[in-house]
Amino acid sequence: MNNNKLHQQFIASLVKEKRWVRFYQLLILIAFFSLWEIASSNRWIDPLIFSSPSKVYTLFIDNIADGTLFTHISYTLFETVLGFIIGTLLGTILAAILWWSPFLSKVLDPYLVILNAMPKVALGPILIVAMGPGMGSIITMGAIISVIISTIVIYTSFKNVDANYLKVLQTFNATRLQMFKEAILPASFPTIISTLKVNVGLSWVGVIVGEFLVSSKGLGYLIIYGFQVFNFNLVLMSLLIIAVFATIMYQLVELLEKKLIKNE
Amino acid sequence: MNFLNVSKVHHTYFSKEAATEALQDINLSINKGEFVSFIGPSGCGKTTLLSIIAGLFQPTLGTVKIEGQDVFENDDLSIGYMLQQDYLFPWKTIEENITLGLKLLKKENHSIASKLLKDVGLPPVEKKYPRELSGGMRQRVALARTLAVNPKILLLDEPFSALDYQSKLKLEDLVSEMLKEYNKTAILVTHDLGEAIAMSDRIFLFSPRPGRLYKTFEVPEEIRNLTPFEARGHSSYSSLFQLIWKELESLEQ
C-alpha cells in the first residue's frame, strides 16, 4: 500500500471520528430537551418551577411576535459587550502602567490582592446610588467585575516575557515604549485572549446582577420579574437566551484569537 | 589609537544576601577589525564584561570606550549582539525580524532583508515565520538581524553553543568569513576552547571569583588566515589547544 492511500485512510478516519463526536453532541442535546419535556408533562418534576421546552418555546414565539424580547436582548447585549470591552481594555492599560513603573506595582500589590478578593457584585448598591439606576451603572458593573483579575493576569504575563527579547531590543537602543510595543504586548497576546475568554463569562454575571438590582429592561430584569410573578417559563427562557449569546461571544473571541495569533 | 578600550573596569552585583564581585580591574584594548575571544571557567565574569561593553548596564567603576566615545553616553553607537539562542520574535516574519533594528533606529530599508539573507546563505524566506526554520537557519537570521544595522562591533555571546555540531561548524565559517569581508571587530564569549582558537586573533583567558584577566594568547599567523574549519586541522592548532587547556586546568583547581 502506498503512502498516498494511507494518508487518504487517515483523513477518512478523522472525518469519521468528527462525525461521531457531532452525533453524540446532538444526541445529548435532543435527549436533554426530550427528557425535560417528558418529565414535565408527566409531572416527574414540578412544571410550575421547571417549566418545559414547549412552554418556553411558545413564550419565546409570543415575545418575539410582540417585539418586547428584541428590546430586552439588545439592551443586555449592549451592556455586556461594552462592559466586557471596557473591563479588558482597562485591565490591559492598568497592567501596562504597572509594568512601566515597577515601583508603583510594588506599592499597589496588596491593594490589587484585596480588590481581587473582594466580591465586586457587593459594590452594586453603591454604584447604583452613586451613578443612578441606569445603563451606566450596569455597564460599570460588567466592567468592574473583570478589570482587577484582568490586570493581575496580564501584568503577570508582561513580567514573564523572556528578558532576552528585551536585551535584543536594548542593543538597538530601543526606548521603553518600543520595548512594550515590539515585545511585551505581542508576546502577551495569548494571555490577553485567555483573559478575554474568562471575561466573557464574568461580564454576563456583572450585567445580569446589575439588572437584578435596578433595571426595568434586559434579560436580567426578565429573570427577576419572572421570579417575582412566579413565571418560571420567563426565567428559563431568559437563561437559555443568555446561554446562546454567551456562547456566540465566546466563539467570536476564538475567531479573534485565530486572527491575532498567527505564529502558533 | 585602539578601537575599543576597556580601562579599570570593576563590577559588583548587589543582592540582599551579598555583594558579589564579578569583575576586578579589567584593562584591555582591541584593534579595529580584530577578532578576540573571552574564555574562562564559569563565574569568571566574561558575559558580564560583554554586557558592559554592549552598554546594557554601567560598570561599578571604570570606562569602556569605542573609538574614543563612552559606550553609555553615546546613543547612536550601534552594537551588534548575538545571544546563545536566536531570540527571533515568533510573531514577526523573517523580514520584519531582520529589519527590526532599522525600524527602531528609524532607518527602514526593506530591500536589505533579501540581500542579507543571501549573504548569510539562506534561500528567500522573508515571508516565513521563525518557527518554519531549523535552529541553524534561525541563528543565521539572527546574524542577519545583527548585521542589518551595520554595527561597529559584534558581540557574540556563545551564539553557536545551542546548535548541532555540523551547523555550528558551518556557521563559524560563515561568521568568520563575513566579519573579514565587512572588516568588523568582534568579541566572542565561548566555553569551547577549540572554537576560540579556530576563530580568533587573540584569546583572553579570565580567572574566576572575582573575574580577572589572567592571560592573553596570540593565535599564530598561520591559523588566523585559515577558515575556522581548516584551522581545526592545522598542526599549531593542537599545540595552542594543549597550552591553553593546561592553563584552564590550573585555574579550576
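Cβ atoms are placed via backbone N, Cα and C, with glycine included.
Noted in TrEMBL for the protein shown:
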- A:69-253: domain 'ABC transmembrane type-1' (DOMAIN)
- A:21-39: transmembrane segment (TRANSMEM)
- A:81-100: transmembrane segment (TRANSMEM)
- A:112-132: transmembrane segment (TRANSMEM)
- A:138-158: transmembrane segment (TRANSMEM)
- A:202-224: transmembrane segment (TRANSMEM)
- A:230-253: transmembrane segment (TRANSMEM)
## Note on the structure
The answer for the transmembrane segment (A:202-224), taking Cβ pairs under 8 Å and residues 6+ beyond its ends, is 71-73, 75-76, 79-81, 83-84, 87, 120-121, 124-125, 127-128, 133-134, 137-139, 141-146, 149, 234-235, 237-239, 241-242, 246
#### Entry: Contacting positions for the transmembrane segment (A:138-158) when only residues 6+ beyond its ends and CB under 8 Å are counted
79-80, 82-84, 86-88, 90-92, 94-96, 98-99, 105, 112, 115-116, 120-121, 123-124, 127, 131, 184, 187-188, 191-192, 194-195, 198-199, 202-207, 209-211, 214-215, 218
## Note on the structure
With the cut-off at Cβ under 8 Å and a gap of six or more residues from its ends, the chain residues touching the transmembrane segment (A:112-132) are 140-141, 144-145, 148-149, 151-152, 205-206, 209-210, 213-214
### Message
Please report, as numbers and ranges, the same-chain residues at least 6 past the borders of the transmembrane segment (A:81-100) whose CB is under 8 Å from any CB of it.
### Response
108, 138-151, 153-155, 158-159, 176, 180, 184-185, 192, 195-196, 199-200, 202-203, 206-207, 249
### Summary
Contact set of the transmembrane segment (A:21-39) with the rest of its chain, CB cutoff 8 A exclusive, min separation 6+ beyond the ends, reads 45, 50, 52-54
